Each structure stands twice: as structure tokens, then as C-alpha cells.
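Comments concern the structure below.
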Amino acid sequence: MKKSTLLNSELSYLVATLGHTDEITICDAGLPIPDEVTRIDLALTHGVPSFLETVRVILSESQIESVIVAQEFAQVSPVLHEALYRELKAEEQLCGKPIAIQYISHEAFKQRTLQSRAVVRTGECTPYANVIFQAGVVF
């Protein structure tokens, strides 16, 4: 059995095969996922797993150089948005590299998911709790 934090085999494979600038979307239970993009559905029930739990695991297993979020996330769900911001700042401190944050409209965000290697669906039911991670390099 694997000892590290990430146990889900599909997600583990995805993280292990990321190249520089590849993108992963982590989304709430309601974001439409394009048929053309691989779906990794972790949702069990409302809130399980949470958006932040999933973000933390992905951050612990991969190097992220930038993120994209919808402008609406900060406006409509400021508490969870602030929690994501704190996680990103903590990751910057841990890895010693900046993580750029880009804000776009929710409609543009949905279109951008088409560029993701995969969309990871959580059980999160907070509006606009979605983020696109762009992979960095560890060196």
C-alpha cells in the first residue's frame, strides 16, 4: 500500500504524469465538466470530500506555479476563497516559490477547463469553489 498522502489511483497517476504548465481543475459538485476532458469524480455526498481537503492533497503531491479562479468565487464565497488563498500562501512559504493567481470570469473559467488534463470533482457545495492548478517544476 502506498505510504504518501494521495491514495486515489487515478489522481496519483495524473499527478505523477504532469509536465510543466499542464493544468488540473479541482471543482465543486456543480461545475459542468466537458466530455472531452478526463473526469476524476471523488464526490461521495454533499461536502465529502471538501474542496479544501482536495486542494491540500494536490498541493502536497505536486509543484504548482500558478492558479486560475473565477472572479465570482471571491465575491460570492469569500470565506472559502480566503481559505484557498491562505493555503496557496502557505505552499509558497513551504516550497520557496511564488504561486501566481489569475482571476477570470466564471464563463471563461468553464471554457478554460477544456485545457485541463483532468477535472477533479469534489463533494463541495459552496458556489464557485473551483480552481485550475498549473504545474510548475521542482527545480
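The chain as shown is numbered from 1 upward.
Glycine is treated like the rest: Cβ placed from N, Cα and C.
According to Swiss-Prot, the active site, proton donor annotation covers HIS20. Per Swiss-Prot, substrate binding site is recorded for ASP28, HIS106, TYR128, ALA129, ASN130, and the stated evidence type is sequence analysis.
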Find the one among the binding-site residues HIS106, TYR128, ASN130 whose C-alpha lies closest to that of the residue listed as 'active site, proton donor'.
ASN130
For TYR128 (substrate binding site), write down the residues of its own chain that are at least 6 apart in sequence and whose Cβ falls under 8 Å from its Cβ; none is a fine answer.
ASP28, VAL69, ALA70, GLU72, PHE73, VAL76, SER77, HIS106
Could you name the residues, excluding ASP28, HIS106, TYR128, ALA129, ASN130, of the same chain that surround the substrate site, i.e. Cβ within 8 Å of the Cβ centre of those residues, in sequence order?
CYS27, GLY30, LEU31, VAL69, ALA70, GLU72, PHE73, SER77, PHE109, THR126, PRO127
Under 8 Å between C-beta atoms and at least six apart in sequence, can you list the same-chain neighbours of ALA129 (substrate binding site), or say none if there are none?
CYS27, ASP28, PHE51, PHE73, SER77, LEU80, THR122
Looking at Cβ-Cβ distances, which residues of the chain lie under 8 angstroms from ASN130 (substrate binding site) while being 6 or more apart from it?
THR25, ILE26, CYS27, ASP28, LEU31, VAL69, ALA70, PHE73, PHE109
C-beta crowding around HIS106 (substrate binding site), within 10 angstroms:
17
If you draw a 10 Å sphere around the Cβ of ASP28 (substrate binding site), how many other Cβ atoms fall inside it, taking every protein chain shown into account?
22
Largest separation between Cα atoms (Å) of residues that the record links to substrate, namely ASP28, HIS106, TYR128, ALA129, ASN130:
13
